Amino acid sequence: MCCSPASLCPPGPTTTPPLRRPPRARCVEGRGAASEYHSAATTRSLCSTPFPHRSPVLRPRRRIPASPSLLDDNHFELVHILIKMAVSLKSSGSFCSTPPQWLHSTRDRILYGYSHSNAKECTCKKTKRPAPLCVKATSTKVELDFNDPSWKQKFQEDWDKRFNLPRITDIYDLKPRPTTFSLKKNRSPAGDENGTPMDKWNGYVNSDDRALLKVIKYSSPKSAGAECIDPDCSWVEQRVHRAGPRKEIYYEPEEVKAAIVTCGGLCPGLNDVIRQIVFTLETYGVKNIVGIPFGYRGFFEKGLKEMPLSRHLVENINLAGGSFLGVSRGGAKTSEIVDSIQARRIDMLFVLGGNGTHAGANAIHEECRKRKLKVSVVAVPKTIDNDILLMDKTFGFDTAVEEAQRAINSAYIEARSAYHGIGLVKLMGRSSGFIAMHASLSSGQVDVCLIPEVPFTLDGEYGVLRHLEHLLKTKGFCVVCVAEAAGQELLQKSGATDASGNVILSDIGVHMQQKIKMHFKDIGVPADVKYIDPTYMVRACRANASDAILCTVLGQNAVHGAFAGFSGITSCICNTHYVYLPITEVITVPKRVNPNSRMWHRCLTSTGQPDFH
Ligand SMILES: Nc1ncnc2c1ncn2[C@@H]1O[C@H](COP(=O)(O)OP(=O)(O)O)[C@@H](O)[C@H]1O
Ligand SMILES: O=P(O)(O)OC[C@H]1O[C@](O)(COP(=O)(O)O)[C@@H](O)[C@@H]1O
Ligand SMILES: [Mg+2]
């Protein structure tokens, strides 16, 4: 954590420029088909009513009240991709005549077919009205026409195909054996000829068990948060595979060599997952368990030796943060990694990491398939950024938020205790603002939360700086929380990337600190700016209680998934249920905060901040 020295601003005149702004007429921008999704009445009232009594504190937010469609954060980025694909399809002349859509206007519209990998949206050629039956959704496997009475069945068949879990039996003709995993085995007096306990333990998950990804039936596409596949917002079950131990397994535990690797940046809970994987493997009867040191690098870097792991060795590792095995970025050469897997005779590989790691895990899984190796590659989603699609959250996120709000609290105390104090906190999040949004919400002490998904300006009448002036005048102090990826368009780009190819972001925190100081100096208003950058503090700590539970379950399920013969899957939590997803479904894009989601609106309600542009 680093704090700037006390403000160098000289005392100046205490009068601040007037903060009240002239009311502006607001319109929901109608680019192409975008506006056509609002009823005429809605559009009229939105465009004709300026805000004559605009409060200086709470400027109404543009677009938000008018938005009928609130996609949740899990699907927002997917929608972004779908729209881009629809646009490119359109421009390639392969689809109907919809003018190009831009992300911002798209967010305000109802979108159908969100859950496909390729959605298309159009208006009927001869009418300006939105024409629901023109809306089509396609996926890579099936094209849906909602005029077709069997579209639901087709959708579900396509869905089931996409979310079907790859397994080693896809390439190998293998017979399963009864599981060796039973929590009651020590109490069971007799076993069968395989030594499998004969108790009546009923803790197995049936392979046909599914969890629903969505549970709300929206009555209208205009309902808050509605995610509709078709224009009538029909109920279509989207089921995913339930995680957990199966009655039959595809490995002989005694013969298994299992390896664990942790990649990417640090994240609270890595040790908890490693520990649970080891415990669960041992419960199955696996004796040969190793850790690959320092991420994927450990597979091929000379001098890095695999580490034998056992319950005894990992018993207490969860008491500390970091990774017992070490982490690293970069250096993922799939063929070399698979050579190494082959040479080491690894049967199960457990990969803990974020979106990059998952992409790597999938490449390893594919390469193993190509070489016809009987290897199960199972991932566990790790990242404080919480930026992996479809899942409720990734492990480490809760803990990072908890730590981040401690930094916010310090900024608040500093700001509140200073004359015209301004506390500024920068929080991590490579491509999304989840940590900043949740830490702002949880602390309740933030006046301005800035995230990459919502553009803002610093200068000018509607800029952040003018709002800070206002806060100093009315409140006497303020706290700003900025996500590290926010406002990158305001900064010079270095173009540099890290070893994994991730773009190295310019420092918005330092930039804002300087801009705030300069601004208040220029207008002659004293301001005491304290900048806190808790960057590595929020992720180098040990997991909190809720993350520790999440890690425990995810780690156990990863092992159950491998023994069940799955490969190329990730063990995660969706809609409060523990499930397995094919890695391919979660790595298309990073998950981002949906500016039209209920959560972002709640954050805005909490901070009371206006639009900053
Ligand atoms: N598209 C990809 N294909 C294969 N491996 C990848 C890919 N992207 C990243 N990796 C590898 O995954 C590891 C972790 O990636 P990184 O982006 O640093 O962290 P995270 O997994 O947390 O997103 C690195 O070793 C990197 O080389
Ligand atoms: O460890 P580094 O290389 O400084 O990376 C910092 C980045 O790591 C993170 O903490 C987590 O990112 P990953 O999930 O990719 O590991 C980001 O929030 C941040 O941008
Ligand atoms: Mg990442």
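Cβ coordinates come from backbone N, Cα and C, glycine included.
The domain 'Phosphofructokinase' annotation in TrEMBL covers 258-560. Among the features that TrEMBL reports, ATP binding site is placed at GLY265, ARG329, GLY330, GLY354, ASN355, GLY356, THR357. Here TrEMBL flags ASN355 as Mg(2+) binding site. Feature annotation from TrEMBL assigns site 'Important for substrate specificity' to GLY356. According to TrEMBL, the substrate binding site annotation covers THR383, ILE384, ASP385, MET428, GLY429, ARG430, GLU484, TYR536, MET537, VAL538, ARG539. Positions annotated as active site, proton acceptor by TrEMBL: ASP385.
Structure with TrEMBL features highlighted.
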{"residue": "GLY265", "record": "ATP binding site", "DSSP (3 states)": "coil"}
{"residue": "ARG329", "record": "ATP binding site", "DSSP (3 states)": "coil"}
{"residue": "GLY354", "record": "ATP binding site", "DSSP (3 states)": "coil"}
{"residue": "THR383", "record": "substrate binding site", "DSSP (3 states)": "coil"}
{"residue": "GLY429", "record": "substrate binding site", "DSSP (3 states)": "coil"}
{"residue": "GLU484", "record": "substrate binding site", "DSSP (3 states)": "coil"}
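Taking the Cβ of GLY356 (ATP binding site) as centre and 10 Å as the limit, one finds 23 other Cβ atoms among all the protein chains shown. Ranked by CA distance from MET537 (substrate binding site), the binding-site residues ARG329, GLY330, ASN355 have ARG329 at the top as the closest. When Cβ neighbours within 10 Å are tallied across all protein chains shown, the highest count among the binding-site residues ARG329, ARG539 belongs to ARG539.
Long-range Cβ proximity for ASP385 (substrate binding site), meaning a same-chain Cβ under 8 A and a gap of 6 or more residues, is found for GLY354, THR394, PHE397, MET428, GLY429, ARG430, SER431, SER432, PHE434, ILE435, PRO590. When Cα-Cα distances from GLU484 (substrate binding site) are compared across the binding-site residues GLY265, ARG329, GLY330, ASN355, THR357, the shortest belongs to GLY265. Taking a Cβ cut-off of under 6 Å from any atom of ligand 1, the binding-site residues GLY354, ASP385, GLY429, GLU484, MET537, ARG539 reduce to GLY354. Of all the binding-site residues given, namely ASN355, THR357, THR383, the one with the smallest number of surrounding CB atoms inside 10 A is ASN355.
Around GLY330 (ATP binding site), the same-chain residues at least 6 positions away in sequence with a Cβ under 8 Å from its Cβ are ARG297, ASP498, ALA499, SER500, GLY501.
Separating the Cα atoms of ASN355 (ATP binding site) and THR383 (substrate binding site) is a whole-number distance of 8 Å. THR383 (substrate binding site) sits 8 Å from GLY265 (ATP binding site), taking the CA atoms of both as reference points. Apart from the site residues GLY265, ARG329, GLY330, GLY354, ASN355, GLY356, THR357, the chain places the Cβ of CYS263, GLY264, GLY353, GLY360, SER500, ASN502 no farther than 8 Å from the centroid of the site's Cβ atoms, the recorded ATP location.
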